[in-house]
Amino acid sequence: MCNKASSNPNRVVLPTNVTPSHYNLTITPDFKEFTFDGYVEIDLSIHEPTKTVQINAKDLTLKSTSIETAGNTHEPVSTTHDEHHDTTTFTFEHELAKGSAVLRISFVGILSDKMAGFYRSSYKDAEGNTKYMGVTQFEATDARRAFPCWDEPAAKATYTIALVVDTDLVALSNMPVESITAVESDKKTVHFEKTPIMSTYLVAWAIGEFEYIETTTTKLEKPVTCRVYTLPGLKEQGRFALEITPKILEYFSEIFGTAYPLPKLDHLAVPDFDAGAMENWGLVTYRTVALLFDEKTSDLRFKEQVAGTVAHEIAHQWFGNLVTMEWWDHLWLNEGFATWVGTLAVDHLFPAWDTWSTFVVDDMQRGISLDSLRSSHPIEVPVADPHEIHQIFDAISYSKGASVIRMLSNWLTVDVFLAGIRRYLKKHEYENATTDDLWNALSEESKVDVREFMNTWTRVIGIPILNVTEADGIVTVEQHRFLSTNDVKAEEDETVWWVPLGVHPKPASIVDPNQTLKTRSLSFEVPEGAYLFNKHYGGVFRTNYPPSAISRIGKAILDGSDLVGLSDRAGLIADIASLSKSGHTATSNLLDLVQYFKNEETYVVWELLAGRVGEIASIFADDERVNQGIKHFQRNLVDRMVNKLGWEFPEGEDYLTSRLRNVILRSAGRAGHEATVAEAKRRFALFVSDPAHDSILHPSIRQTAFEIVLSQGGEEEFRHVLKYFHAAPKQDQQVIALLALGFVQQPELIAEVQALAISESVRPQDIFYVLAGLSANPASRRSTWEWVKANWTTLANRYKSSMSMLGACVKYPLSQSSDVSLIKEVKEFFADKDTKDFQRALDQALEGLDVNSAWLQREQEGLSEWLSVNKY
Ligand code: BES
Ligand code: ZN
């Protein structure tokens, strides 16, 4: 089963002398006291005679414990608990014999509001009364808050779960209901079928006044019942998610070569949810905006988000649930793969969305950017203590992970890659596996050494930069570690990655069809005309071209040549923007590059063009000359597209054009483009004057319009948006308002938004939307950092069991700042605080400050000169 030989001796794990095989669990929640009673019988195998049994438990009060072996029942003579490791040790008077045993524990737990373990989530009913539902969130290590268990991914067992609930409530779990028995007149016990063998972190249940809509698969041998469950009145908003679910199940059943193994798959929308979604086997849970979508009232981008999230979580039903990582070191295998194959499924269902190009500008850039910091970590990262786990649910595990899988799947071809995946899933189904197991399956399938190719991408930190030079008719490319601080030391620059060069057109002298650079450098003859590296942006690296090569590529872009496709144009901007931020090239080269995009009309490329130019304005906000000049440049840049796209959303318009309109108008608004600002104000005034004018601000442009009027306006506009937030019946409408509110300018209003972030009105799950706006806004980011400091105790208490919120509170307000004095200040502030739960985020924030402030200092003069010469 699990490959203990390769495991890290420092891992904090339970002893293996006793292992569980089945849990028989009964849970009785009390929604008045916010507690629950539990009773569990665990079938065990005792592998060596022992007097002690150790188990995970957290915030549980154990009321009675006994163990039955060979027909005798024993109670422990002592029970001790280790708070730090969440372990409870039972010591028995006599040795328990080798063989089978049953451990019985009755206990009481807390139905907290901390979005972890078995917790409560609140909502208002039609009369405005506060009501509660109960739901579980166990990944990574919170099953132990709900029942005593061997809370490790490799300790797989089966489960029969029973929930004792009020008769009028719906109870859900991983498996379908087997039977319902009455307890008292107003209580029933809902018994669920036995699960397959699985890990604790995937166990789930939920209780509430749920309603549902239903469909079934049509192409699977054993049909699967698919439902979307919601709180009362919301089920129709689950229609889109429901429609795509059978299609995704069928698609994955096919490409994974194994049918979905459970009889049902439910999705449940939860109003308070720490992450985006959770892949519990057969009962996937979501934050509301990641599952529900209303064609009439939702911003269209939520539709893509729903599709992406649903596909990602369904992918885990195989990759994660059926085959589970042996330990958290291999978390990336779960998350990176689900991100890649989720994108594959969305692309399969919605080819018009061009999801892979969006992947290049979103996920891939996020992964590469984080990995350009010293404070990054290798994809495969040793996790010793479970407390470290939540810090690696980051852009490295997800986005770099998915990017290197994409690179590998291109290298092997997607067909061979998927054949290897089928082999891996078959071999390890209902068991655990490691990254090496995956490489073995892929190598067997492809007959090439996948491990050798991948080790440099998953075992070492960082990504390469390819420095390209031209001399005497020869192109030379040389790889080095890329750091955004541009100060790599020799000892940090020893890795030689296996880089699929993707030179296009392919030089005759490169014979390997995959063009794998396995050495530090390589040369080939300068091709005629333009040539590109990293065609389709399939490789995870930055390319640093000489000016001569860029001008040839630029000309090809202007000529509309096929050589430079969508991802190539996007990748070129992303690379040069990143290199200008790090100082590998002058920032003016990015501005010069923009001239080649005169005919550009695609969403993904504009996202980068507008985003990267906007980033300069944001980071140089304190330099009036540069800031104003860049905004002028930005206004000129977007003017053509503003006129072309306007503010209306024609019936039947394609999705990407609607995204493009948003990018353009937001960028225009931030740059103070006069016509755009005036039109935003005009439409906003009509919108708030009368509900009959609702359509004047299409849901997909509402956030942008709010942002523009708030950044230009005053108290009145602010009150209107605040009112919109408070009155919004749907969570996605609240989200767009929260994202926009941070753009207010007046100090007293900024303070009001900050206070709102931790008020009763904003769900704790939503704080980062408020922080995102406040941090993007130069007028508020400094005071938002002061506010985080002043409210640190509150925030730290509130989010101590959250996966990432505390890290976000630190990272967001600092992320776009370029004030060098903050570095010292931040360090001083945290000097006497316990930072271990968000240390990575803190280190990354500090390093980001370093990069930003160096950029500012290095380029102030050069940029202002370029702007003057070019009349901005
Ligand atoms: N397994 C994760 C959920 C999770 C994340 C649990 C962090 C515990 C800690 C789930 O599959 C996931 O990755 N969710 C993403 C959304 C997805 C579409 C990328 C999330 O929650 O952001
Ligand atoms: Zn995931």
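Cβ atoms are placed via backbone N, Cα and C, with glycine included.
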Could you look at Glu295, Glu304, Glu326, Glu335 and say which one TrEMBL places alongside His312, His316 in the Zn(2+) site?
Glu335
How many Å separate the Cα atoms of Glu313 (active site, proton acceptor) and Tyr398 (site 'Transition state stabilizer')?
13
Row Tyr398 (site 'Transition state stabilizer'), column other C-beta within 10 angstroms, all chains, value 23
Can you count the other CB atoms that lie within 10 A of the CB of Glu313 (active site, proton acceptor)?
26
DSSP says Tyr398 (site 'Transition state stabilizer'), in three-state terms, is helix
Translate the DSSP assignment of Glu313 (active site, proton acceptor) into the three-state scheme.
helix
